[in-house]
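Here's the structure we're looking at; comments come further down.
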């Protein structure tokens with residue numbers, strides 16, 4: 001009798017627990033069904049409510065309008081983000097520090113370039129283009145440099161001594177593409193924005209026609225060439241400050257070979273911003289270099305390999321002498 005009472009008493013808590021669990025599960029299911037029903041009634045599911053999309057568009061436009069109200073002006077071209085002067089100063093400072101410590105992150109370089117592209121520099125570049133017939137045509141036609149526009153398959157079939165094949169070969173060797181160039185975002189004037197976009201897109205042609213790779217020393221040399229030739233502020237900053245983080249052997253190569261070459265070539269060459277590269281793809285690359293006043297520097301990769309081999313050979317001789 002006592003055992004039976006004890007069994008009944010022990011079973012009651014278990015039944016209570018099971019009933020409570022079933023009740024909670026039922027509330028969860030019923031509550032979920034109720035929420036689904038409410039969502040369907042509002043048109044949140046399957047867009048059954050005809051006003052749903054219109055409401056969503058209104059909410060999106062309201063958010064965008066709220067964002068526009070915080071900007072100093074309305075956007076003046078696709079992708080334009082107007083900044084206040086203090087935001088530009090902050091962008092310059094932060095992107096400058098990030099570019100110095102993390103030059104491998106291309107977005108840091110992109111933001112620093114636009115932050116440093118002050119209007120007086122861009123206006124000077126515009127006057128340079130307006131003073132030249134080809135430059136004026138570039139401003140008028142505003143061509144775009146991309147793989148589809150250039151027809152890379154066609155460039156691959158061109159004779160090896162042409163600019164087009166040289167450009168194609170350099171892109172494939174370095175594993176890059178002109179399509180990776182970021183759009184201009186923070187420059188306010190639409191004409192200035194296109195000029196900076198053009199400068200940015202032509203950067204790979206400067207590499208290809210000089211044969212300089214995209215390793216850090218090659219980038220610094222091309223930046224120094226750009227600074228001397230067209231006066232790009234960010235390029236000048238890069239040429240001056242970037243070598244500070246390099247090893248002694250790298251700084252020595254830049255100081256003795258590539259920076260003197262870049263400054264001399266940049267100052268003596270024709271303004272590269274006025275070159276309509278897309279129309280010269282079938283031209284002989286050596287003849288084009290002569291016309292532009294560009295002298296090819298020593299092969300950077302080859303010099304690096306030769307110097308590395310000499311250091312290794314010297315180290316082996318020293319170690320054998322020690323033993």
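Easy rule for this one: first residue shown is 1, then count along the chain.
Every residue, even glycine, has its Cβ placed from backbone N, Cα and C.
In the record from Swiss-Prot, residues 203, 204, 207 bind Zn(2+); the candidate from 219, 252 listed for the same site is 219. The residues near the Zn(2+) site, meaning same-chain residues not in 203, 204, 207, 219 whose C-beta sits within 8 angstroms of the mean position of the site's C-beta atoms, are 205, 206, 208, 212, 214, 218, 222, in sequence order. All protein chains included, residue 203 (Zn(2+) binding site) registers 20 other Cβ atoms within 10 Å of its own Cβ.
Residue 207 (Zn(2+) binding site) is surrounded by 22 other CB atoms, counting those within 10 A of its CB over all protein chains shown.
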